[in-house]
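Report on one structure; see the data block that follows.
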Amino acid sequence: MKRSVNGSQILLIDVLIVYTTWLIACSLPNSVLVIPFGALVLILNTLRLKWDKQIHSIFNWMIRYRYPIALVIFVLCVLLRLHGSSINVVQNYLIASKGSSNLFGVSHAIRSDEYDVQLPYYFSQYYNAYRETSYQMSLSGQDMILGYNSPVWSLTLIGKPFVWGYILFGNEIGLSWYWCMKLILGILVMYEMMVILTKQSEFSMFGAFFIIFSPAMQWWFSPHIYDAFFWGAAIFVVGYHFFAASGTWQKFGFTILAVGALTGYVLALFPSLQIPLGILALVMMIVCLYRDRSEWKWQKKDWLWLLAGGAGLTVVLGSFVLTAQDAIRTLSETVYPGHRVSTGGNCHWSDLFTNLSNMFFPYTEKTKISNPCELCTFNHLGPVCLAYFPYLAYKIRKKKIRNVLPAGIVLAAALMIEIIFMIIGFPVWLAKATLFSYVNRMPLVYGYTATLFTLWTMSVLIKYPLKTKLWINLVYTFGFGVIYLHAASLYDDQLAVSHQAYLAWAVVFVLAFLLMTTRRRRLVTALMIMITAISGMTVNPIAHGTDGVTEYKIVEAAEKLNKKKDGYWLTVNDEGGILQNILLANGSKVLNAVNFYPDYGKWKAVDPKGKYDDAYNRYAHQSVVLTDKKTSVKTLTPDSILVSLNYQDLKKWHVTYLVSKSEISEKLTEYGYQYKETYHDRLGYRIYQLEYDS
């Protein structure tokens, strides 16, 4: 009988595999690779009908040797120069010298923070010899650790393993190293976290993939929102093992890792996430150590390791603060993002559920109210698991199962606090006292906590024979279904997707909860993997090499000019363009590339009285138009400005190369500039080399 049931489940999983493969292949452009991959998964799953035990043993072997296997995969991917950047989008805006395409999936224009800001910053460091202060995009210099934690030769490298490839091997390998290490290390760290929380190795591997490939993690994979979640999990894992480790070499290793993890966490530089994630990690670590207190013993000599770790962290972060204190002060005093106070209370009750638009975002960007990055969430069953928790806790206590509830209680309590902050809000005094006044990304933190709680609930129901009553499970499922279907009706205006499609996916999530509570382990796991594959694994493309960054006609022209004469560049009359940042990525010193904090060396030259300080005192994308009028600056959005620059002020910025998308030679002559036009393409871009009397 048992064999027959398992066989039926395997065949049902086969159906899910075929459906998932078909849906991705039909909906996602450039997805032909999913067909052989889906076929391989289908074959392996079907073979379980006869060799289930052997396949299970192979899976356990892979978990046991996960670190060497991960290393081999990492090396192969880096050698193949694979990455997930959306940089090929740039080919839509510039004339490419040679075409570059993705191996799988599509690039997303909306991910401009990744390909138009972070990547150019990282690439520009090659031309800056990886120094901490860069003049590649600034007259007065930008601190490059504050600039998206760029690769910098400093002690902080101990907490920046993602950028080691840039410093060791240059930009092409560095880009691949960055993406592959973030993904592989992320899976390993989330696995270790799940093992601590659930004490189940096989389930924890599923949990790791479920977290890492959630829509929120993939849409925000780069630049630094993902980093905050990664390092939050890392300090929990490393902190737990630092206290639980017994041998001298183990203590030494985890002391080094603790310094690295805490450095990485601090330098993620995203307090909106760091504060709640840090609190969650610390409380979970304390509770899990208390839960497992019989498995470890703190000795007097361990204080020395604690002091050593503290000293190491002080040296690393202290050296950074000493060199960057002026830049840190300037950044903290910016209008955006520096001056923000959040009290919560700005979320709708439907925000407590997984946004079903996640299921469609990888396949269309035609949203009516926002973009996929801002709307994406984690996949979870948080609300119904929270409602189910009292009944589950009652069953656990009735069975007298020890050391299971503490982790669940922490996660449930965290969810309640997060829900109150999101829906009701905190008074200003309480928001400031808890540091939540810095937190304007609580829905992401809530989604992450809800995902952990969903996985914890699932692990308990799978591991322990609690014998929950079917009618109670059905009541919870029905209630969850009614509320979720109502929430799904609110998503109609976000995408060009039928109302029925939203309802169908709501039913899938409801079915997942029913299967979970009725202990259909394989089916619920397969269903949640299907959800993850469709909503998260298809977000970022699989790309190869860096041609999408470097191989453009105008870039080649700029490189030739820079070799003859070094000088500052300025792109003008190209509002909303991305050329300035692509030039930056290829070694040009571009004054209107993105600045993380105001370049006062530049602004004081044209605005000595600080009339427009409120406009440019921010993290800013900078568009420049030339004008006959007096120079002025206005804010377009919280993170972008428009500079109307008087022609005469080009001299004040020491501009050598002027790139314009319109013909301005007559104006340059009118204002007495000596120049020569060195480049002109069919898109209208011209490069003017300006000469000044010495």
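Keep in mind that glycine also has a Cβ here, set from the backbone N, Cα and C atoms.
Remember, TrEMBL labels are computer predictions, not curated facts.
What you see is a predicted model, and the numbers here were worked out from it, not measured in a lab.
Annotated in TrEMBL:
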{"type": "TRANSMEM", "residues": "20-44", "note": "transmembrane segment"}
{"type": "DOMAIN", "residues": "64-459", "note": "domain 'DUF7657'"}
{"type": "TRANSMEM", "residues": "65-84", "note": "transmembrane segment"}
{"type": "TRANSMEM", "residues": "163-191", "note": "transmembrane segment"}
{"type": "TRANSMEM", "residues": "203-222", "note": "transmembrane segment"}
{"type": "TRANSMEM", "residues": "228-245", "note": "transmembrane segment"}
{"type": "TRANSMEM", "residues": "252-269", "note": "transmembrane segment"}
{"type": "TRANSMEM", "residues": "275-291", "note": "transmembrane segment"}
{"type": "TRANSMEM", "residues": "303-322", "note": "transmembrane segment"}
{"type": "TRANSMEM", "residues": "443-462", "note": "transmembrane segment"}
{"type": "TRANSMEM", "residues": "474-491", "note": "transmembrane segment"}
{"type": "TRANSMEM", "residues": "497-516", "note": "transmembrane segment"}
{"type": "TRANSMEM", "residues": "523-543", "note": "transmembrane segment"}
{"type": "DOMAIN", "residues": "549-692", "note": "domain 'DUF7654'"}
Region pair the transmembrane segment (252-269) / the transmembrane segment (303-322), three or more CB pairs under 8 Å: yes
Feature contact check the transmembrane segment (497-516) with the transmembrane segment (228-245), CB under 8 Å, 3 or more pairs: no
Stretch of maximal Cβ-Cβ contact with the transmembrane segment (275-291) [cut-off: under 8 Å; candidates 20-44, 65-84, 163-191, 443-462, 523-543]: 443-462
Helix, strand and coil residues within the domain 'DUF7654' (549-692) as assigned by DSSP: 42 helix, 50 strand, 52 coil
Local confidence of the domain 'DUF7657' (64-459) - pLDDT mean: 93
Dominant neighbour of the transmembrane segment (443-462) in 203-222, 303-322, 474-491, by Cβ pairs under 8 Å: 203-222
The transmembrane segment (65-84) and the transmembrane segment (523-543) contact flag, 3+ Cβ pairs under 8 angstroms: yes
Residues from the same chain, set at least six apart from the ends of the transmembrane segment (20-44), whose C-beta lies under 8 A from its own: 14, 55, 101-106, 362-363, 530, 533-534, 538, 541-542
Residues of the parent chain within Cβ reach of the transmembrane segment (523-543), under 8 Å, 6 or more residues beyond its termini: 9, 12-13, 16-17, 19-20, 23-24, 28, 30-31, 33, 82-88, 100, 102-108, 206, 209-210, 213-215, 217-219, 221, 358-359, 361-363, 379, 458, 508-509, 511-512, 515-516
